[in-house]
Structures are given as C-alpha cells and as structure tokens.
Amino acid sequence: MESVLRLIRSLLIGLGLLVGADAWAQQPPGLPQGFTQEQFDGLVDAIGRAVVKKIKEEPDLARPAPKTSGAAPPAERDEDVAGATALKEFLDRTLLTLRALPDLGIALRKLPAVLDRSAEDGRGFVGFLGVVAAAIALSLAAERIVGALMAPVRRRLGRPATPEGGPGPLGRLLGLAVLDGLGVVATWLTITLLSGLWFSGSSGQARLGAAVLSAVLFWRLYMIAFRIVLRPDEANARLAVMSDRNARLAFARVSAIIALVLLARLVIRIAAVLNASPEAVAAGQVVGSIALLGAFLWACVASRAAVAAWFTTLFGKGPIGRVLGQNWLVLAIPFFCALIGARVFGAVSGRAAVPAAMLFTLNAVLAAIFFQTLLRAIEDRTGPKAAPLIGLATRCASTGTLIVVSLLIAQVWIVDVLEMVDAGGWRALARSSATAGVTLFLAYVGFELVRFFTERHAATPLAGGPAEEDEHGAPASRLATMMPLLRTALLIFIGAIATLVVLSEWGVNIAPLIAGASIFGLALSFGSQTLVRDIVSGVFYLADDAFRVGEYIDCGKAKGTVEGFTLRSIRLRHQNGQVHTIPFGQLGQITNFSRDWTTVKFNLRFARDTDVEKLRKAVKRIGQEMLDDPEMKAEFLAPLKMQGIADVAENALIVRFKFTVRPGKPSYIQREAVKRIVRVCREVGIEFASSLVSVQTYGASADHALAGAAAQEALHRAAGELLAEAK
C-alpha cells in the first residue's frame, strides 16, 4: 500500500512540475506554487485514502493482470456460439408463434359480431357480405363491358402483324395493351364509385369493404402484365411462345395464385384489426406462407413444359441460356422456397426487410423477363429490311434493362437487408458508380454500333465447300476488305477507353497503367522485330490496295483466293481446297488475277487445208452469240475473235483466239468458247488437225520398220508441241 501511495505522490509531483514549469524554471525545486507543506501532505493523504477505499470495494483492480498466451481465443468459436444462440432463439420464437395459432381462430370468430350493425339500424353480417359480393361483381362486370365494346377494335389489332399497311407490330401490341388498361380503368372507376356509396366512413364494415375492393383492383392490375405476355385468347398477339391451351392454363394458374396471395394478406389485415396478438398474426402468416409454397410448387410443376418452351426461345441463343431455359425449375423451386422461408422468418422475427427484398427481387426478375419477351416479339415481327436495326436496338435495350434491374436489386439487399451501407452511403456509392455504369453501357452500345455498321460493309465469307476451279466470285470492295481491321481497331479503342474510365472512377490510378503499357509496347517492338515487320508490311500492302477479299492472287510461294487476313498474316484458299496462311513479311511480289479485267488467249490446231477466212467468220459469229447469251454477256469486255495463225506445223495450222472478260470466270468462258467452236466447225465443215501419220512409198516394196520409226518420231514431235502449248 505504501508503494502505491509513493507512486501517486510521484505522479502528482510530476503533474505539478508540468503545470508550473515556467515559474520553476527560475527558482530551485520545492513545493508547488501556492501550496504549503501541510496542504500538500493533506492532499496526498486524501487521495491515498480514496484509492484504498476503491481497491477494497473492487478487489479485481488490485490483482495483477493474468498472463496471456501468444494466441487469442479464435473468433470462429464466438461466431459459432452466437449462431447457435440465434438459431435457438429463432426456434423458440417459432414454437411460441405456432402455439398462438388457435388465438388467430378465436380472433377471426369475432368478425361476424364486429361487422354486425343491425342493432344500429345498419347492415347485418349477411347483408354486408351480399353488398361486398355485389360490389366485386359490378367491378369485374365493368371490365367485361368495356372489353365487349372494344371487341371489334381488339379483333383488328389481334390479326397477324405485317410490315405492309396498318399499324406496325409495336403499334398493334401497344393498342392491345391500351385496351387492357381501359378495362382496368373501368374497374377502378367502379370501385371508387361503390366505395363512396356503400363503404364510406370509418366503421369496420366500411374499412373491410374498401380493403376487399382494393384487393380486387390490385389483382386486376397485376394480371395486366401476364395478359399482355400470355394472351390466352389471342394467339396472333401472344408474346410468349406457347400453345393456346398452355397459355390459357398458365394464365388461370397465375390468376389463382395472385388471388390467393391477396386473400392471405387480407386475412392477416383483418386479424390485426380485430386486435389479435402479434404471435397469432405471425402464426397466420406462417400457415399462409406454407400454403402459398404449395401453390407455387404446383403451378411450377404443372407449367414446366410450357414455360420451358417459352424460356428456351427467349434465352436459347447460347448453350447456357438453352440449358437454363429447359431446366428453369432448378432455379425457380429453390427461389420460391427461399421466398417462403423469408416470409416465415419475417413473420417470426418481425424483420419485414428480408421478405420484402425477396418479393421485390421476384417482381424485378419478372419485369425483366416480360420486357425481354416484348423485345423478342418485336424483333420477330419486324420485316427483313429493318431487322438488323431493330436487333441492334433490342440488344442495347436488353443490356440497359439488365443493368438497371441489377442495380435496383443490389440496392435493396445491400441497404435494406444486409445493411452494409446506409442510405446516404449508398447514394454516394451510386453517384461514384454512375459514371462507370454509364461508361460500360455506352461502350456496349458503341461495340454493337461498330459491329452493325462494319458487318453491313464487310466482305461476305466464301463458301466452305469446293466450287468451280475458276469461279472465285466477285471480289470485295476496298472498304469491305478494310472493315475487319477497322472493326478490330475500333473495338480495341472503345474497350481501352472504357476500361480506363471505369478504373479511374473506382479510384484506381491509371497513370502507372498507361506508362506500363507504353513500356510493354516498346519492349515488344524491340523483342519481336519479325512481328513488327509483318504488321508494318500488312499496313503497306493494304495501303497499296494490293489485294482484296475474294481476289485470286499469286505470291510466289502460294496462290489462291484471299479468304481473309489479320494484323499479321493473310489466308489464301487454293482451288484444290488447301488453306495457306502466310505472314505479310514473307509475301514478296504479288500477282493479282482478279483486278479489273483478264485477257485469255488460247490456241487450237486445224487441218493444213483449212479455209482461214471461213474460220474467222465462224468465230466472229460465235463471239456474237456469246455476247447475246444472258448468262455471259455481263462478263465480256471484248468479244471472242480469231487473232490469227500463230504457227504452221507439219500436219496442222495453229490458230490463236482471244477474248477479254471480267475477272472471276475466265476459264468457264474459255471452255464455253471451245465447246461452241468445236460444234460450229463441224457444222461448216472445218476439220481439226489429226495426229494420224501417213507414210507413202513409191515403186519399191514397203519397209515396215522404217515406216514405223517415222510414225513414232512424228507422234513424239506432235506430243512435244502439245505439251509446249499447254505450258
């Protein structure tokens, strides 16, 4: 104890030294200024007695701190204990809630007595039920009457939508939706009128009647979306891909489930108004949720085939979407189980945020599916001319809808349920992420626009199968040839800019990234000189317009039709089917056989006694016939004509012919010309040269060996001439 007092005294002296440092700096150490020795000792004794008293009252203060080991107790053990405790408390509250279920029945049995106003010259319970039933019937009848009045207009709008004449597909769908809305507006007006006439005031009957009519109105409002998509009685205007029977059954099931949900909510509200205990109300919510789960599962299983066909058509462009569409129950059943579990948890624990978030998620997903179905229906009903542009618009709209729905669902769960950030923090986060989200969306739109416009001008891919040896098709334009590279460059530019903007908005310093990319590019240029040479050579080949997609070229090492190219190499398809991939740096000299025009020259061998003038006239007539042929006249730039005698052989006149055509089918034109020359020469009596060798002997007997040798020599000489001409 004395050591404690000495410690306190030392601390007080140190404090006094700090307080009076300026005064003590000029005088020797002593008592604090303004204190006598007796006052200072009394102060120390009083503090000591107070400390001793405190230690006696709380002995733990005097105990030394326990020696701790190097490792603290694991946090997982505390979390496990807390989780087990929370689970036990939830189970206890669940049992307590279920035990209060009879109280709900007791409270609901009071309803006839509460609603009976016959003693006050009002309506009795049975009369009240009759008035409510009449109000419901009149409200629904108003919708039916409006539908009957608009039936002719509905029939005209329900006819198959065609691009020619009348409203377009979007106008027809919008008109039918407006007619559905008019029916619900009639229901709303009727409910408003009847509520003012029969259920005005603040009595129990008035409040219950107004609540019932409000439930009917919400039921009809909620069914508008399903009616627009399913169209149970209008197959031509149906958005979902279903048969008439499946559409009617699915619409009836959805209508029954929504009515059941609203009825369950109405019963819970009535129980709360009748002053039922909170546990009894929660018990009613639990029982109603279990009943709703059964209804959901029944509807899903009963509609599995119809909805699978709908979702497969909607999301079946890719393999993942096709699998998810065909097996949608794998996702739907766990989601509905989680939804009902959230309702039970909210009823027992009193936390309404979790079931509200699940219900909001369901509504958001349904809205996204309906909107995607509408977009797909508009795309399917569009004419072929506007189909590419409509497809572009629908893809962009689908992406924007997906982003908005994802943000809304994330806000509900992050802010309201998980409470990771408050509303103010979420607004700040949303503002900081707005630029990033808009940038990504605009980048996607830019990507789609680039792909749309480049595909319109890009070269058409060549057929994969073998074609005629000489038919290479019409070559692409220079713009079409450049489109693949232009598209790649634009997409890389858009992606790089979008990535940098998003990273900058998320607080990432992009200056080191840009510097690192520059250094990497410099190192790549020095380390990959062959690659750089190929790329630069390709740029200059394209700048010189040396070739285009679809043209037939010869680069020395290979020849074939240009199928496409990348930044580094060109791809050639040989007429026999082989594909040559050649780097631009190795192309060298290029011979283009498909540019502007082609002059074809070929020789034919005629008999030595052929009338050349007669042959010339015959060939001129053949050339005119080919010019008049509708299949070939567009190919000719100069007609077929005889150029003259190219050579005179021992047994033949070698005559040369020529014509000028557009590149693409010169060999076909040549074969057709030779075929017609052969036919016409036979008709006019012009003979071709024969390889027959005649040996004539005079006077003496024939030397057969000598004749055979001469004939063999003549045959070899004729074969050599033919080979030379072929080369």
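Positions of Cβ are set from backbone N, Cα and C atoms, glycine also.
As recorded in TrEMBL:
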type	residues	note
DOMAIN	489-529	domain 'Mechanosensitive ion channel transmembrane helices 2/3'
DOMAIN	530-595	domain 'Mechanosensitive ion channel MscS'
REGION	58-79	region 'Disordered'
TRANSMEM	125-152	transmembrane segment
TRANSMEM	173-199	transmembrane segment
TRANSMEM	211-230	transmembrane segment
TRANSMEM	251-274	transmembrane segment
TRANSMEM	286-316	transmembrane segment
TRANSMEM	328-346	transmembrane segment
TRANSMEM	352-371	transmembrane segment
TRANSMEM	392-414	transmembrane segment
TRANSMEM	426-447	transmembrane segment
TRANSMEM	485-504	transmembrane segment
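The transmembrane segment (426-447) shares more Cβ pairs under 8 Å with 485-504 than with any other stretch in the list 125-152, 286-316, 485-504. In summary, the transmembrane segment (125-152) does not lie against the transmembrane segment (286-316): fewer than three C-beta pairs, each 6 or more positions apart in sequence, are under 8 Å. With helix defined as DSSP H, G or I and strand as E or B, the domain 'Mechanosensitive ion channel transmembrane helices 2/3' (489-529) counts 35 helix, 0 strand, 6 coil.
Summarising model confidence by region, the domain 'Mechanosensitive ion channel MscS' (530-595) averages a pLDDT of 84. Sequence-distant neighbours of the transmembrane segment (392-414) (same chain, 6+ residues past either end, Cβ-Cβ under 8 Å): 356-357, 360-361, 364-365, 367-368, 371-372, 375-376, 378-379, 420-421, 426, 430, 437, 440-441, 444-445, 448-449, 452. Counting same-chain residues at least six beyond the ends of the transmembrane segment (286-316), those with a Cβ under 8 angstroms from any Cβ of the stretch are 94, 97-98, 101, 240-243, 246-247, 249-250, 253-254, 256-257, 260-261, 264, 267-268, 322, 324-329, 332-333, 336-337, 339-340, 343-344, 347-348, 369, 372-373, 376. With DSSP classes pooled into helix, strand and coil, the tally for the domain 'Mechanosensitive ion channel MscS' (530-595) is 17 helix, 22 strand, 27 coil.
Against the transmembrane segment (352-371), stretch 211-230 shows more Cβ pairs under 8 Å than any other of 173-199, 211-230, 485-504. The list of residues near the transmembrane segment (211-230) in space but at least 6 beyond its ends in sequence, with Cβ under 8 angstroms from a Cβ of it, reads 132, 135-136, 139-140, 143, 173, 176-177, 180-181, 183-184, 187-188, 191, 194-195, 199, 238-240, 242, 247, 250-251, 254-255, 258-259, 262-263, 265-266, 269-270, 366-367, 370, 373-374.
Sequence-remote contacts of a segment are chain residues at least 6 beyond its ends whose Cβ falls under 8 Å from one of its Cβ atoms, and for the transmembrane segment (173-199) they are 131, 135, 138-140, 142-147, 150, 153-154, 157-158, 161, 167, 205-207, 209-210, 213-214, 216-217, 220-221, 224, 227-228, 231, 234, 237, 239, 374, 377-378.
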